[in-house]
Amino acid sequence: MECIERLRRKRTEYLFKNFIMIKFSFFNYRINMRNFHATSLRFIKFNYSAIKNIRNFSTEKKSEPKLSLFLTNISKILSEHKKDLYKAQEIIETEWLKLATPSIDVKSDIKSTMYAKQRLIHGRAFDLLKLYKSNGNLNKISKSLKDYIVNEKFIFIAWSYLLASYSKSSLPNLDYRIGYSITRHIYRESYKNDFMSFEDFPEYNKFDLGFFVKLGDIFINTFTSPLNPIFERVFENEIYSLKINKEYEYEIMESLVISPKALPMVCPPLIWWHGIRGGSVINLNDNADDSLVVGSFHHSHKIAISDKLYSVINKLNAFKFKINADLLSYLQNEGSFIIDFYKKTKKDTYINNMITLDIAKTYLNTPFYLNVNIDWRGRIYTQSFYLGYQGSELSLALINLFEGQKLDEEGLFFFYVYGANIYNEGGKFSKKSFQDRFNWVVENLDNIIAMDKDFILKAESPTLFAAFCLTMRKLKENPDHPVFNPIFLDATCSGVQHFAAMLLDLELGKYVNLINSGESVNDFYSQLIPAINKAINESAEKKLKNVKFSDISLNRSLLKKVIMTKSYNVTTYGITEQLKSKLEKVEKIIISKGKEIKVYDYLVPTKNGKFVVLDTFEVETLASIINDNIFNQFPKLHSIYEYLTRLTKIYLKLDIPISCSTPDGLELTQRYNLSKVQKLTINFLGKNRTAVLRSWVSDKDSRREVPAIIPNIIHSLDAAHLPMLIDSWDSYILPIHDCFGTHPNDMFKLAEQVRECFILLYSKNDFLSKIDSKFRENLKDYKIEIVNKNGEDFVKIKGTPRYDYLPLPVLPQMGELNVEDIRDMGKYMIS
């Protein structure tokens, strides 16, 4: 039987190769040219059995996938240039599109079978692209660009975009991003000159939003066609998206192509400064257009970057890392059950995890750096997508500090505390003292050293905990063994911490551990849950439609993210989506307009340990009740929300820019542009559906300005806190927004410095008063009069036919919190 199967596969391989050479002529097919749309490419007639044979040949593998050609070539470059890693980085950044195709000098080092397997994905995609040109389909996109479009490197660009973004972007968004990126490459290589900027290029050629979407979808079709079905198009909840065809997981892993921007750097990133592009080596090139500020390009936000922030970025970029070799080896051998566990429980991240492992193998023997960017609020983000301290749990676990240290007494203590934190089975350590967490590790040393499968999988973060256990094994053998693992402590709902300090609210400060005289940790989330459940239950008595809510009992795991994001002004819709992502789903089919539609009900826990079934509309009602009652016991939070939103509305009424200064001197301007909806008809599997696309214009989107002001202010305060901290710190510091990482030996000092900088943020900077003063200065600059009537300030707005007077918001009343007390009583501010 095995012999017959081998012959069948060889025959299939032969047929497929000849099938490519004769441009698919033995398939009786045609492309539907009527009502053409980029997403309507579909094969009307083809031999399904032949495709099935091809699919079986390409996916029947009995061994683990090999390292992709792309990563193999990067490994070769790193090895050949290990004494000049700047040169290695330069080659990777400038030649990355060539690394996926064997050249004369590297082909001898690559097994021909690997090359053949890679061609099964990229080769099929490129042949399909050439087919679309020969059949005239590219003429429907652009006659002027059709010859430029058929370029194999654009297949690699599209492929790298798909791998990085398929799971978190809608299909129309992917279409646009790929089409836009390819158009930009065509412009740079063939059209760039002194007479036309890229901004003018689309207008000159009459390329609208639909053009970019259609061009991108042509390339996506090369990976979703029945002849190359690596991804599957799905349509759920009125949204088109992609999912990976599970039969092709091994082929995908052996065909990786990753943009250098998503990879670590092997030399220190270039220095950023005013007017000087830093980061990637390619930024020395005049054609490069990388910016330190990323995200929100559709809008007109502004940030004036300070000298201090540039220095902080350069300091973070200079930190050196290496792969955790012990963990990588463990996950590939006796610890492979963790990856299998993720494959079963987190299917949507499995491919990304496998890519992360392959990148770790590639950089195993090479030190690396993690390039960072900022957004317009000053928030810091690592650029490396698959391997970085702001990435997935696996990504973080595989990173070690390049310079290790023997643990001192404080380092050992906080290393144990961190071990308990990442185990945290069932959230049991949320209220425990540091000493209790330390004691838990001492009591479980035998289990930790044994690394039993069941024990590891009970951890909240299995890969991080496995890395901890492996280091503990080394420490048992040799207490002087240097430790390279970074450890992290997390702030208690940092948004509320900022509001508590801003308002000097003593009670609120206690709940979020700014002030805590005891050894038990206050759990802000648990404090709010009883009142939320009470409001939900009482709604059943007030409204008959809420009768199902009478026994609902939501727990901490369901409400933690809701409460945390409410401090960032999350909407009822946002709460609904968070609940739906956490609750157990029950699929059902309903009939609408004669069509079957898949929808979900949700199982919501009750007081008696059972569940009540709610449909989507009932979950929305539940979210609305939560939103209305979540902060009722803290009226000062409502007062600051009211103040900031009213201030924003006046800015909008007067049509002047919404701007503020952060305590560290950053000048920020918030400005959302209006988006317009464009509908395109998409033909998918013979059925017409409508995709909603958005384009942005320069008009202000007033509806977004008001709800965005609170999260943007809080994010900017988080961002202001970090530069103060990093600027005063001489060792490793790894920021994950409101989470702080360093070597275990430095964690005690880092926690102290976090408190000191937080105190400095609010003791010397009366932030709310400065916002109010800045607002009044802006009114003066725009020659807008403030009038006082009976002790109340009004702004004079010219109306028709008379002047209108709009009352100015009054600053919230301050409380009795002494921020200096945080120094000695804020031990659990980060825990």
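Every residue, even glycine, has its Cβ placed from backbone N, Cα and C.
For reference, Swiss-Prot has these:
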ACT_SITE  ASP490  active site
ACT_SITE  LYS560  active site
ACT_SITE  ASP738  active site
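Fewest other C-beta atoms within 10 Å: among the active-site residues ASP490, ASP738, that description fits ASP490. In three-state terms derived from DSSP, ASP738 (active site) belongs to neither a helical nor a strand segment and is classed as coil. Counting in whole angstrom, ASP738 (active site) lies 15 from LYS560 (active site) by their C-alpha atoms. Within its own chain, LYS560 (active site) has TYR525 as residues 6 or more apart in sequence whose C-beta sits under 8 angstroms from its own. DSSP assigns LYS560 (active site) to a helix. Classification of ASP490 (active site) by DSSP places it within a strand.
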